[in-house]
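J.: These came from TrEMBL, pasted as-is:
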{"type": "BINDING", "residues": "B:162, B:163, B:164, B:195, B:290, B:365", "note": "substrate binding site"}
{"type": "BINDING", "residues": "B:196, B:248, B:298, B:404", "note": "adenosylcob(III)alamin binding site"}
């Protein structure tokens, strides 16, 4: 008991009370066990937060290097034949710059005229209809796209290549200053059966690199969120590329089978990790799920 | 029906197309109304619109539907459920008179409860547009709305918290770690509510069971909720999952709600199913709704209305289902709807006031995103103002940083700050529990114990063997 007293006592020399459960951070990046000065944050924690916020603010305004991304996708196409040999197409929304993008989501959802012309030309020459168009948009985090888009597409292509049905992919479309719904605009112009948008999600304090995936079946302008399925937080410290590809393949297959997407399409893919949740502890409950450390 | 509204200012005549136009032009400035193209074109036009609006009789809102009755089930709900007897004491007032009446000593807590079913969302929105921040605080404070499930929310001098232990992969131990952190900081009496990473019945059920086990083992007087789509929760109930609260994001127009993938009948069905489980102990309020200005415009479903009026109309949807909690997630939607700290603070106070006036257990997610012009100081201001206004509950997120939803909300520490500064306690059942569990020595004074209670220290001993490297510091005795 004397040990316990040592662990969570107020330090009389500096007024800070530490939290012994801080070691639970092995399970989460959440800011737990911060300790306290009275009931407030200590100076150290308060200033650490201010730094993280400053970095996230800066990330919002960092532009995406589209040339580098385009080259990476070309390189990837060499190992993933599904991507085809057509070069990625770089298009732009109607939001001319970042400040416009932030304040005018309507403009970020639409392609500008030059981009529409470009995609219409593309549609003139399809050998057979596209089963899927991959659309990559910078969204609110260029970091997310720069770091996570290519590894995810690699994992997705591996999953699609092992599928028992063929997938005819449209050329990859790269959108500057794009929002989620711009995928529907692209998909409609390409006459693709489905569109999967990869977009940089709003940067969090602890996750400036989070990639979001949005699937629409039969994309066309003006659809609402009710017609989309979302897979969020794809990044090394979040949903892994392999896991995200597994979920995306499930949704794509179901969408193609049922000819729909959105709230009527339920994600029942389960988890790849289901069979190996050995890192969870405690006895399984009657349903067979492992229990958390909080429960005996 | 759609008469124009005119106001003479010197030699200049201002004209507003109809009531919706007048309401929009009278709204304090915000980016979402600019985006929608409904905002006043000048500061003078806004001030004139407010004067014009103040002269509109409350009765006019019963005659001039902002979205036609035939086109929108939320309008039908508002009109069909309007209580003429409750309206009677205020039926002779204009919007401007209504503000005076609300501020006057005639409007006691009892009187405000008596008239609430006679107030439509549009009347509430209209009067809020001509109220200053202090008016919104003063009147909201007089409105008393008490709800209960396993804890009681909304009593005088109480402020509850939603413990929000989100994790980017829904990791069971990661979520449990944040739950423990929140409980040890005296948070979680409104609900322990998880936003799951993906909308999935299997995963929602797993998270429900996790929370149910914790609540049962430690006999916590609170309720759990997985914030998944209402149709998923219904499926969870059918499969025997331990559902306490039914969640849904709601908006103020039928088209907004259909963009969210539900209609009123889905809510009714889910509420009935959850009631059949009989899981409440001190009350039967079990719906948990979230709202926020801008959602209707975001779904292109605003019918030319300003975003605050759309928001108030969402409260008619909430009111129909006697919720335990209604949460306006005020800064989550981003700067295209509420640009900066000033706009977020104003919107938070408006939403809280309108919700309370209409009889809802109104809480607020005091929050901002990293692409908004806002920071922690703005949140401190709004939290303190809402505490003064008698807000029912706020969020508790570890260190303010939601690592799944990627935004900043109020922290466990923030809740204790505002409780201390304003002398607010947690819900009475939870207050007793915090002292019984030796988490707090004086819960009413937000006084935490310096020692980790033995029962929770024990849970740390159940950590996986491979990860016990620095655990000796806790329990080598």
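Placement of Cβ uses the backbone N, Cα and C atoms for every residue, glycine included.
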J.: Please list residues from the chain of residue B:195 (substrate binding site) whose Cβ is under 8 angstroms from its Cβ, counting only those at least six apart in sequence.
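T.: Sequence-distant Cβ neighbours: B:164, B:166, B:227, B:404, B:405.
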J.: Could you state the whole-number distance in Å separating the C-alpha atoms of residue B:196 (adenosylcob(III)alamin binding site) and residue B:163 (substrate binding site)?
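T.: Answer for this pair: 14 Å between alpha carbons.
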J.: Applying an 8 Å Cβ threshold (strictly under) against chain A, tell me which of the binding-site residues B:164, B:195, B:196, B:290, B:298 fall inside, in sequence order.
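T.: Listed in sequence order, the binding-site residues near chain A are B:298.
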J.: Quick one: of B:163, B:290, B:365, which binding-site residues lie within 10 angstroms of residue B:248 (adenosylcob(III)alamin binding site), measuring between C-alpha atoms? Sequence order, please.
T.: B:290
J.: Under 8 Å Cβ-Cβ from residue B:365 (substrate binding site), six or more apart in the same chain: what's there?
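T.: B:290, B:327, B:328, B:329, B:330, B:331, B:332, B:394, B:395, B:409, B:410 - these are the non-local Cβ neighbours of residue B:365 (substrate binding site), listed in sequence order.
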J.: Can you tell me how far the Cα of residue B:163 (substrate binding site) sits from the Cα of residue B:298 (adenosylcob(III)alamin binding site), in Å?
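T.: Taking the Cα atoms only, residue B:163 (substrate binding site) lies 28 Å from residue B:298 (adenosylcob(III)alamin binding site).
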J.: Measuring Cα to Cα, how far is residue B:298 (adenosylcob(III)alamin binding site) from residue B:162 (substrate binding site) in Å?
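T.: Rounded to a whole number, the Cα-Cα distance is 26 Å.
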J.: Taking the centroid of the Cβ atoms of B:162, B:163, B:164, B:195, B:290, B:365 as the substrate site, which other residues of that chain lie with their Cβ within 8 Å of it, listed in sequence order?
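T.: Result: B:191, B:193, B:227, B:327, B:395, B:397, B:409.
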J.: With adenosylcob(III)alamin as the bound species and B:196, B:248, B:298, B:404 as its recorded binding residues, calculate the greatest Cα-Cα distance and give it in Å as a whole number.
T.: 22
J.: For the substrate binding site, please report the maximum Cα-Cα distance among B:162, B:163, B:164, B:195, B:290, B:365 in Å.
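T.: Maximum Cα-Cα distance: 15 Å.
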J.: Give me the non-local Cβ neighbours of residue B:162 (substrate binding site): same chain, 6+ apart in sequence, Cβ-Cβ under 8 Å, ordered along the sequence.
T.: B:188, B:190, B:191, B:192, B:193, B:325, B:327, B:363, B:393, B:394, B:395, B:396
J.: Looking only at DSSP and grouping its letters into three states, which state does residue B:404 (adenosylcob(III)alamin binding site) belong to?
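T.: Looking at the DSSP assignment, residue B:404 (adenosylcob(III)alamin binding site) belongs to neither helix nor strand, so coil.
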